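Asks: In case it helps, Swiss-Prot gives these features for our protein:
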TOPO_DOM  1-85  topological domain 'Cytoplasmic'
TRANSMEM  86-106  transmembrane segment
TOPO_DOM  107-114  topological domain 'Vacuolar'
TOPO_DOM  136-160  topological domain 'Cytoplasmic'
TRANSMEM  161-181  transmembrane segment
TOPO_DOM  182-209  topological domain 'Vacuolar'
CARBOHYD  ASN195  N-linked glycosylation site
TRANSMEM  210-230  transmembrane segment
TOPO_DOM  231-238  topological domain 'Cytoplasmic'
TRANSMEM  239-259  transmembrane segment
TOPO_DOM  260-266  topological domain 'Vacuolar'
TRANSMEM  267-287  transmembrane segment
TOPO_DOM  288-310  topological domain 'Cytoplasmic'
TRANSMEM  311-331  transmembrane segment
TOPO_DOM  332-359  topological domain 'Vacuolar'
TRANSMEM  360-380  transmembrane segment
TOPO_DOM  381-407  topological domain 'Cytoplasmic'
TRANSMEM  408-428  transmembrane segment
TRANSMEM  430-450  transmembrane segment
TOPO_DOM  451-465  topological domain 'Cytoplasmic'
TRANSMEM  466-486  transmembrane segment
TOPO_DOM  487-493  topological domain 'Vacuolar'
TRANSMEM  494-514  transmembrane segment
TOPO_DOM  515-522  topological domain 'Cytoplasmic'
TOPO_DOM  544-553  topological domain 'Vacuolar'
TRANSMEM  554-574  transmembrane segment
TOPO_DOM  575-590  topological domain 'Cytoplasmic'
Amino acid sequence: MIPASMEEAHQLESRSDDLSQRRSYWRWRKQDFFPEFSFQSFSTYKSALSATCPRLADRLLSRSSDAYELDAARRESENPMRRCLTWWDLLWLSFGSVVGSGVFVITGQEARVGAGPAVVLSYAISGVSALLSVLCYAEFGVEIPVAGGSFSYLRVELGDFIAFIAAGNILLEAMVGAAGLGRSWSSYLASLVKNDSDYFRIKVDSFAKGFDLLDPVAVAVLLVANGIAMTGTKRTSWLNLITSMVTVCIIVFIVVVGFTHSKTSNLVPFFPYGAKGVVQSAAVVYWSYTGFDMVANMAEETEKPSRDIPIGLVGSMSMITVVYCLMALALTMMVKYTEIDANAAYSVAFAQIGMKWAKYLVGICALKGMTTSLLVGSLGQARYTTQIARSHMIPPWFALVHPKTGTPIYATLLVTILSSIISFFTSLEVLSSVFSFATLFIFMLVAVALLVRRYYVKDVTPEAGLLKFLGFLFLIIASSIGVSALWNSGVKGWIAYTVTGVIWFIGTLGLALLPKYRVPKVWGVPLVPWLPSFSIAMNLFLIGSLGYVAFLRFIICTMVMLLYYLFVGLHATYDVAHQPLEEAKFEGER
């Protein structure tokens, strides 16, 4: 059930008002951080640790429910978030989050050494892949319109453990990404002012290389962006809308000028690096499409989720794909791909046609793009943290929503402090080595979760049906990994790819022939299981294109998070799931 009606929202608000009258928002008692029975004393904690194995088995097999996420979990915040966003707000929040400085840097690099003029096809391929993930997010956002986004979706369909590991990694990468944006913002501003990207940084020779350039400007930018996010969601949305309009005007200028000074001869040869170059560039430019998942976290603050979320997310991603393709085409038609400056493609291209002043427009657009990405990222990261805190995987104190602003101030402060510390000390070179493995991993898991949601309902799906579903799902995942491994190991010839492709087709066709045990109430992904299955394949293929450093970092971070989960998160969530309160039970009616 979806409590999206005004009456249900009123009921939640009334209960929250009664509770907030008895408690002050500004509090920090031990009970606010660790209210669970396992943490009441050393003896209870020792007893909990001794029961780690059976508790882990319980949480591995336990899933949350729609009802719990929509009602009981939200009450952990004591005050409701305000439903103040429309599809128009979501569309531009997504635009502001996704369209940053990356397109100005990556397009030139990939056109020069990756795909040539065919980089426009790379953007189209990545756009389609991102759109498939958007469709999955949109269906879940309509069905479970809460602040946690993918964390809640995975918790409902795949369970506590997988949701925590995935959420922990993506939250870490989101904070690292915010720190990187802060450092990039500082570099861009310094380049415009003094033509020296390190102009605002403080050199400390006694610190290790990569951590010896302190960046107070990056910290200031993060503090301002997160401070605005704390004052109110609607206010942040309006500011994002205004700045996004500036970006649109500059992009229109770039595209129009590019086409008016274009030469079709610059598009020949169109495939200088072959089909492989197009696909490899698609994996690189895909990062220009990330960020929409932060907007999915705003579902709880959307006025009409069933209408606004599909229009906002799907509409924005479609628009962004067209914008990126036009920008790539304009650049490659304006300048021969062999003459494109990989480091400052658009600025140098305009200089070649006598418009040196246009580099300032590009710089302003990049700065603005990073600013809106920080603003929307601040909103999304805080709400992700809020939902994790509602589950008690981290202290529930971070789930509290301020009664006046309707925003999770404590959660925002947490991500602000952590990302500011990272940005102050860590260089862009170090941050750029942290690839967005978890982002693709979660996109893949959300597609898997959508298939689970359609084909498996507890106590309804027969055991034979479940086994068939798991078998076909295994074929889809295994064949997708196989294609990625073949491609990235440089295997040539069509036989191996044909075999893996046929296996993927058989797995997907098998799912298509199985009966579905749940249908979307209002809006759903079309062509299930084909589109989610293709999304799984695309995301696994892109994961395979990452270097071994990304895999190693993911494994290390996961191991650290696993330690935290075994010593803290596991026992907190176990206590909440088994406390004698109806609203805290996980095994709701499915």
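Quick reminder: no glycine exception, Cβ is built from N, Cα and C everywhere.
Could you place the listed features in the three-dimensional structure?
Replies: A Cβ distance under 8 Å defines the sequence-distant neighbours of the topological domain 'Vacuolar' (107-114), meaning residues of its chain 6+ beyond its ends; these are 122-123, 273, 277, 280-281, 284-285, 324, 327-328, 331-332, 337-338, 340-346.
Counted with DSSP, the topological domain 'Cytoplasmic' (136-160) comes out as 17 helix, 0 strand, 8 coil.
Beyond the transmembrane segment (161-181), the same-chain residues lying 6 or more positions past its ends with a Cβ under 8 Å from any Cβ of the stretch are 56, 59-60, 100, 148, 150-152, 154-155, 218, 222, 293-294, 370, 373-374, 377-378, 380-381, 384-385, 388, 393, 415, 418-420, 422-423, 426, 428, 431-432, 434, 436-439, 441-442, 445, 554, 557-558, 561-562, 564-565, 569.
Mapped onto DSSP classes, the topological domain 'Vacuolar' (182-209) shows 13 helix, 2 strand, 13 coil.
Within 10 Å of the C-beta atom of ASN195 (N-linked glycosylation site) sit 8 other C-beta atoms, taking all shown protein chains into account.
Panel annotation: around the transmembrane segment (210-230), residues 178-179, 182-183, 185-186, 189-190, 198, 200-204, 236, 239, 371, 374-375, 377-379, 382, 405, 407, 409, 412-413, 415-416, 419-420, 423-427, 429-430 of the same chain, lying at least six beyond its termini, place a Cβ under 8 Å from a Cβ of the stretch.
Counting only same-chain residues 6+ beyond the ends of the topological domain 'Cytoplasmic' (231-238), those with a CB under 8 A from a CB of the stretch are 81-82, 84-85, 89, 92-93, 298, 301, 375-376, 378-379, 405-407.
Taking Cβ pairs closer than 8 Å, the transmembrane segment (239-259) reaches residues 89, 92-93, 95-96, 99, 228, 323, 326-327, 329-331, 333-334, 346, 349-350, 353, 355, 358, 361-362, 364-365, 368-369, 371-372, 375-376 in its own chain, all 6 or more past its ends.
With a threshold of 8 Å between CB atoms, the same-chain residues lying at least 6 positions outside the topological domain 'Vacuolar' (260-266) that come near it are 117, 330, 332-337, 353.
Beyond its flanks by at least six residues, the topological domain 'Cytoplasmic' (288-310) meets 2, 4, 74, 81-87, 90, 93-94, 97-98, 100, 102-103, 106, 123, 126-127, 129-130, 133-134, 137-138, 140-142, 144-150, 170, 174, 233, 316-317, 320-321, 324, 373, 376-377, 379-381, 383-384, 387, 406, 436, 439, 442-443, 522-523 of its own chain at Cβ-Cβ distances under 8 Å.
Panel annotation: around the transmembrane segment (311-331), residues 87-95, 98-99, 103, 107-108, 111, 119-120, 122-124, 127-128, 130-131, 134-135, 137-138, 141, 251, 254-255, 257-259, 262, 285, 288-289, 292, 295-296, 302, 340, 345-346, 349 of the same chain, lying at least six beyond its termini, place a Cβ under 8 Å from a Cβ of the stretch.
Summarising model confidence by region, the topological domain 'Vacuolar' (332-359) averages a pLDDT of 85.
Sequence-distant contacts of the transmembrane segment (360-380) (same chain, at least 6 residues past either end, Cβ-Cβ under 8 Å): 93-94, 96-101, 103-104, 149, 174, 177-178, 181-182, 184-185, 188-189, 191-192, 221-222, 225-226, 228-229, 233, 236, 239-240, 243-244, 246-247, 250-251, 253-254, 291, 293-298, 346-347, 350, 412, 415-416.
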Asks: Below 8 Å between Cβ atoms, which of the listed ranges 86-106, 408-428, 466-486, 494-514, 554-574 makes the most pairs with the transmembrane segment (267-287)?
Replies: 86-106
